[in-house]
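Right, I'll just put the structure down here and ask away after.
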Amino acid sequence: MSKSTCFHCGLDANSSKITFDDKEFCCNGCKTVYEIFSLNDLTCYYDLQTAPGATPKDIEGKYNFLENTKIIEQLLEFDDGDTQIITLYIPHIHCSSCIWILENLNKLNPFISASIVNFGKKTVRITYNQESLSLKNLVALLSSIGYEPFISLDDYSVGKKHVDRSLIYKLGVAGFAFGNVMFLSFPEYFQVGEFWLEQFKPMFRWLMFAFSVPVVFYSAQDYFISAFKGLRSKILNIDVPIALGAAVLFSRSTFEIISNTGSGFFDSLTGLIFFLLLGKLFQQKTYSFLSFERDYKSYFPIGITKISSDNSEASIQVYDIEKGDRLLIRNEELIPVDCILIKGQARIDYSFVTGESKIVSKQSGDKLFAGGKQMDGSIEVDVLKSVEQSYLTQLWSNDVFKKDKELSFTNITNSISKQFTITILLIALVATSFWLFTDSSKALNVFTSVLIIACPCAIALAAPFTFGNVLRILGKKKFYLKNASVIEQLAKIDTIIFDKTGTITANKETTIGYEGLTLSNAEEALLKSTLRGSNHPLSRSLYALLDQNNIVTLDTYEEFLGQGIEAKYKDQHIKIGSASFVGHNNNTATLNTAVHVSTNNQYKGKFTFYNKYRKGLSQLFNTLKKEYDLVILSGDNAGELENLTKLLPTKTKLLFNQKPEDKLEYIKYHQSEGAKVLMIGDGLNDAGALAQSNVGIAISENVNVFSPACDAILDASKFNQLYNYIKVSKSAIKIIKWSFGLSFIYNIIGLYFAVTGQLEPVVAAILMPLSSISIVVFTTVATNVLGRKIPS
Amino acid sequence: MSVIYILLTISILVAIVFFVAFIVAVRNGQFDDSYTPSVRMLFEDELIKEKPKKTILTKKD
């Protein structure tokens, strides 16, 4: 049989046997989307990219909160009665087909007048008419074609966000001035002495002055501000010598043109600021489609259904939930507050909170915690605490989330700039006093020259360009860092702490082992047939594992929620489920999840589910153990202890039953002892630990959707590359140190000219940009070579 | 030779025009998304290809 894949989404379409238009589909959802597209002449979607789609999800009732006008008002970007504009975040956007179809939405619905995709941010900005097309229907339309938007509590303040473009303005001003000043100083460079050029010299000079003013007072203002702030808190950061250099350059040049003694250094000044800002822009690389600052708001829904005392349902905003309210939680909905189960079968998936994908069954009267996802039908609950007071959200009130990691950390540039500044000032003073005695007319000239030429722009450029480039290279390898300073922190760590579930274990996969009496063929067939009817996740995994047997049609089949399944076929009778359900009483309760089987009231055995560890785990730990202390902090019980000790190096510390606060405290304690901690986790329960650690990496199987607040996001498929990534950050530091060496050589050459009092504008104009550019070239080439060494 | 005043004025004026155009472009968000527009412009070719296809499809039905 030839392998066939779904024409729409690319998944395996062998077993479905759904064909339409001579094309195969994996499910009816995909077929429907194809039908929608072909009816509307949108099949071009499939020409741009093969199998670009996603299976549409059933969203019945999920977006009812979009009927609440108060919520809609907050989500809309623009609203004048006739026209509404909304920006929706759509995680599925991944290729050019997605852009094409989303920008042709108006062909699917005439009330959509325009839609513009921002690929980088994975958003689509839709202009529509609310009277003819409600927001709820718009979202339903998007979901029906497989582009379900992700609307969370975070979006509640949308429209008020403002884009910060100041850096690009500043860079534009500096670049504009730099170009013009260079052009105007041409006659000065060549000293042609031609009559007319001599005549116009003052005008050229004043024009250069005019161009430099906005550069100094607007483009360079951040450097002055930062230098001032640094000095006030008695820190000599790198911006101090830069600000000093820029100020001296500007005042000396202004003085020169006023006194008509020279043309000044306006070209060097504007060029310097331009390059520095360019470095900043380079370092500012952001993965705008990822969110590193996620708290519970990114996970929680905006609206929830409240049941009033007269049994009527209404969508209310999550912040409006009060203690004592009765809420309706639908299938697949997230529970936003701590509450008590009143009605319905609760089967809660706490994987957002714990990383553990096991589903927990709860009985009426049990307490449910915020962050759990209801998996099976709808339930009714009574609210115990408001959103802010719920257990999960309380975690975010911990002080670690308020602290800015970057401020508590002196980076490599700032740590050398202190000695640098002091040395330069000393050289300037010594040289000036020397000239005061030999030729006092040159003293001031020498003093300013030293400060100008020593301006550490090359040093200031080395780090931004190296880190900026490494950031980009690692991003290509699916390791996304929040900002460049994370690289530096990563190079310094000595302790690595892993969360267990979801981090070193694959989230959805398990391995299953069978213990007990051998099952006969008939029994196996019956087992398989019975499991086929069940939707329980354990049944699904077990079903997938068993060999294909002849499926029989069962005579009776009954599922007991929270207990197991019972089925009959001819004279055979089977029970699958918990130990007590199948009638097996053993007190040696194991900590692992197990499914027990009995046939014809005879106990047969159990299938035990083990966590499946990520590929290359053992190897990774063995490489890491040579240089780092390794710890596993798990929120789970010790069920996997034996398995883990076999797999991991003996030195690894294993700690189980750790609550979120315990993890945080553990890291804090080790940091107080001088450890530089790297924490790797995935669930919201690791959020505190990730924030407390020096570097917090979130592992994610889908980088677009769920990851807690962290410094970096690592794609789960690249987990075994972790060691290489740490090695790269160490090499990046080496590159920066080499660049520092290079720029010191330039500084020494420049200082020779400055100290001997022969710094001409043309020397400065050559030496200063040359040092900057060569540093940029050096770091770019070096980091690219480094990037090529990472195995993909 | 005072023509140099005119030349200079013109050249700087041109530069300023470009500069203003740059500021306007940034303000309108042209630099916010550097990827989508580059893909979007390729769609126009695809759309033309689409039209004859459409007639075939309708005939088929």
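Every residue gets a Cβ built from N, Cα and C, even glycine.
According to TrEMBL, the protein has these features:
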DOMAIN    A:5-58  domain 'Putative metal-binding'
DOMAIN    A:306-396  domain 'P-type ATPase A'
TRANSMEM  A:167-186  transmembrane segment
TRANSMEM  A:206-224  transmembrane segment
TRANSMEM  A:236-258  transmembrane segment
TRANSMEM  A:264-282  transmembrane segment
TRANSMEM  A:420-438  transmembrane segment
TRANSMEM  A:450-471  transmembrane segment
TRANSMEM  A:735-755  transmembrane segment
TRANSMEM  A:761-786  transmembrane segment
Below 8 angstroms Cβ to Cβ, which residues of this chain, lying six or more residues outside the transmembrane segment (A:206-224), approach it?
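Result: 170-171, 173-174, 176-178, 180-181, 184-185, 239, 242-243, 246-247, 250, 253-254, 257, 263-264, 266-267, 269-270, 273-274, 276-277.
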Averaging the per-residue pLDDT over the domain 'P-type ATPase A' (A:306-396), what integer do you get?
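That region's mean pLDDT is 79.
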What does the DSSP secondary structure composition of the domain 'Putative metal-binding' (A:5-58) look like, as residue counts for helix, strand and coil?
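Taking each residue of the domain 'Putative metal-binding' (A:5-58) in turn, the totals are 17 helix, 8 strand, 29 coil.
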For the transmembrane segment (A:450-471), what are the same-chain contacts with Cβ under 8 Å, counting residues 6+ beyond its ends?
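Apart from its flanks, the transmembrane segment (A:450-471) reaches 238, 241-242, 244-246, 248-249, 252, 265, 268, 272, 275-276, 279-280, 282-285, 411-413, 416-417, 420, 424, 427-428, 431-432, 481, 483-485, 487-488, 728-729, 732, 735-736, 739-740, 742-743, 746-747, 750-751, 753-755, 759, 764, 767-768, 771-772, 774-776, 779-780, 782-784, 786-787.
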So which of A:236-258, A:264-282, A:420-438 is most in touch with the transmembrane segment (A:167-186), counting Cβ pairs under 8 Å?
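The stretch with the most close Cβ contacts to the transmembrane segment (A:167-186) is A:264-282.
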Have the transmembrane segment (A:761-786) and the transmembrane segment (A:236-258) got at least three CB pairs under 8 Å, pairs 6 or more apart in sequence?
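Contact absent: fewer than 3 Cβ pairs fall under 8 Å.
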Mind checking how the domain 'P-type ATPase A' (A:306-396) divides into helix, strand and coil residues in DSSP?
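Grouping H, G, I as helix and E, B as strand yields 16 helix, 34 strand, 41 coil.
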Under a Cβ pair cut-off of under 8 Å, which of the recorded stretches A:236-258, A:420-438, A:735-755 contacts the transmembrane segment (A:264-282) most often?
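Out of the listed stretches, A:236-258 contacts the transmembrane segment (A:264-282) most.
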